[in-house]
Amino acid sequence: MELKIEGEYEMSKKRIVLAYSGGLDTSVAIGWIGEQTGAEVIAVAVDVGQGGEDLEVIRQRALDCGAVEAYVADAKEEFASEYCMPALQANALYQDKYPLVSAISRPLIVKHLVRAARQFGADTMAHGCTGKGNDQVRFEVSFTSMAPDLSCISPVRDLALTRDVAIEYGQEHQLPIETTKHNPFSIDQNVWGRAVETGFLEDLWNAPTKDVYTYTDDPTYPPLPDELVISFEKGIPVAIDGNLMNPLQIIQELNTRAGAQGIGRIDIVEDRLVGIKSREIYEAPGAIALIEAHRELENVTIEREQARFKRQVDRRWAELVYDAQWFSPLKKSLDAFIKDTQTYVTGDIRLQLHGGRATVTGRRSESSLYDFNLATYETGDTFDQSYAKGFIEIYGLPAKLAAARDVKFGHGVDFGIGNL
Ligand code: ARG
């Protein structure tokens, strides 16, 4: 992260780096922050695979809106390898459903903001989140961890940049940005998935309409089943059907193929860190297919006790990342545990994608712990069943002692079958 400041900068004025999306709110924020604080604004846009506009177009728009500098970063591969892959290795699903799409992108965006702040001599960072969501916490707690010397402002929350103000400001200053188009939803998307909220979805009884979805087709009328083999090395997918690919390419390919089958649509009432329950719709076809495959390969290759413990660690990891703790010491320690568990998670998983589901239909691994001869009920059985009798006798001893004591104290042994 050590970056030298290049060239001479006019340092008489304060400089603020703004997490810039290219949309109305953050475009207006450039001028708004300037007016409210007197500072110069440096816009930072980070491509985490959200699709849409070209980075150069976004860069130019930031400058046209009054930014003194605009920094754009193609972080797609970095995001896939360093943020999506750890989430996959943790089988990360918050509340057993949400694959942390937005939660894992914020720490990376912050990393690029800090880099730009150092490069352009800024001492303050800004984001465009509201005061009701998780993302403000993720931005600001990550800032604290990465750059405790920098301060932070939140124009939407703290400088009263409401939507009405933004539209009016944009029109008044003739900013090169659409101010009339009204999207009923608040959307955040990247290569790991897509999050949609607000609008009529705020009524929990309203079913999502077709226009909510863009990453997935309707699974009700799916095309023919699609079968593929995903190869993993130490918990990282490295090939599909034998074709070597990097993590970004693998996620993208699965977004297309699993998306065509309507896999990864999620409708959930979620517990936000700020205490609010909120309705969210997600689409994460690639993430859900990959987690399904990865989890099954773990079932084959991870020792039982390690696997049982890992399920608890996975859950905790997802909660920490959801709760803005990406850079926290506990998350770092859990990372080390998870990495260690992946040593033997190498092998192939065959998946069938069809009608909204990714189903594992085959597994093979050189490092498998599955022993056919131990498991088989056919000839070739090497499991000596005579050992089971003694094992159960000793294993059941504590239960036996407790039951005998109950009898002694007259507490009976009525387990709902009546005292016989
Ligand atoms: N509720 C999700 C989270 O906290 C998604 C938030 C995405 N933001 C949005 N504007 N839709 O991770």
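Cβ coordinates are placed from backbone N, Cα and C, and glycine is handled just like the others.
The feature domain 'Arginosuccinate synthase-like N-terminal' is assigned by TrEMBL to 15-176. Model confidence over the domain 'Arginosuccinate synthase-like N-terminal' (15-176) stands at 95, taken as the mean pLDDT rounded to a whole number.
Among the features that TrEMBL reports, ATP binding site is placed at Ala19, Tyr20, Ser21, Gly22, Gly23, Leu24, Asp25, Thr26, Ser27, Gly128. The DSSP secondary structure for Ser21 (ATP binding site) is coil.
The annotation L-citrulline binding site is assigned in TrEMBL to Tyr98, Asn134, Arg138, Ser186, Glu270, Tyr282. In this structure, Asn134 (L-citrulline binding site) belongs to neither helix nor strand by DSSP; it is coil. Sequence-distant neighbours of Asn134 (L-citrulline binding site) (same chain, 6+ residues apart, CB-CB distance under 8 A): Ser102, Ala103, Arg272, Leu273, Val274, Tyr322, Asp323, Ala324.
What TrEMBL lists as L-aspartate binding site is Thr130, Asn134, Asp135.
The domain 'Arginosuccinate synthase C-terminal' feature in TrEMBL is assigned to 185-401.
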Near-site residues: L-aspartate, ref Thr130, Asn134, Asp135, CB cutoff 8 A to centroid: Cys129, Lys132, Gly133, Gln136, Val137, Arg138
Sparsest-packed among the binding-site residues, when each Cβ's other Cβ atoms within 10 Å are tallied, from Gly23, Thr130, Arg138: Thr130
Distance-selected binding-site residues near ligand 1 (C-beta under 6 Å), from Ser21, Ser27, Thr130, Ser186: Ser186
Candidates Ser21, Ser27, Ser186: member of the binding-site residues with the richest Cβ shell (10 Å): Ser27
Spatial separation of Asp135 (L-aspartate binding site) from Tyr282 (L-citrulline binding site) - C-alpha basis, Å: 16
Pairwise CA distance, Ser21 (ATP binding site) versus Ser186 (L-citrulline binding site), rounded so that it is a whole Å: 13
Candidate binding-site residues Ala19, Gly23, Asp25, Ser27, Thr130, pick with smallest Cα gap to Glu270 (L-citrulline binding site): Thr130
